[in-house]
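Notes follow the structure.
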Amino acid sequence: ECVVSSECPLDKACINQKCKDPCPGACGLNAECHVRNHSPLCACRTGYTGEAFTSCQPIPPPRTPEPPQADINPCIPSPCGPYSQCREVNNAASCSCLTEYIGAPPNCR
């Protein structure tokens, strides 16, 4: 029926001397094929990405940013014990006995 593809309609190609659709087997997984000027053109389906002639994978959903962590006060609850005070120093708890008390937290007396 044909010797070269130009002897076929534009949406067909000359395959084994027959005007045939060149799409079957031309594209990869999750790809669609359209014929243009006797040649198969492959494109990933909507929602997919990749190399259409080999394989298209689902487009991953956009990453949602982690919510900002609330500032954590190391003195709540107080790790210092009775008769002591807690102060935040460099994001850590710093314990000291209240005035008029002696010892070292948590053993202020």
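Each residue, glycine too, has its Cβ placed from N, Cα and C.
Reviewing Cys14, Cys19, Cys33, the cysteine that TrEMBL connects to Cys23 via a disulfide bond turns out to be Cys33. Listed in sequence order, the residues of the same chain lying 6 or more apart from Cys33 (disulfide bond) and placing their CB within less than 8 Å of its CB are Cys23, Ala26, Cys27, Pro40, Leu41, Cys42. Other Cβ atoms within 10 Å of the Cβ of Cys23 (disulfide bond) number 16 in total over all chains. A Cβ distance under 8 Å defines the sequence-distant neighbours of the domain 'EGF-like' (20-57), meaning residues of its chain 6+ beyond its ends; these are 5-6, 8, 10-14.
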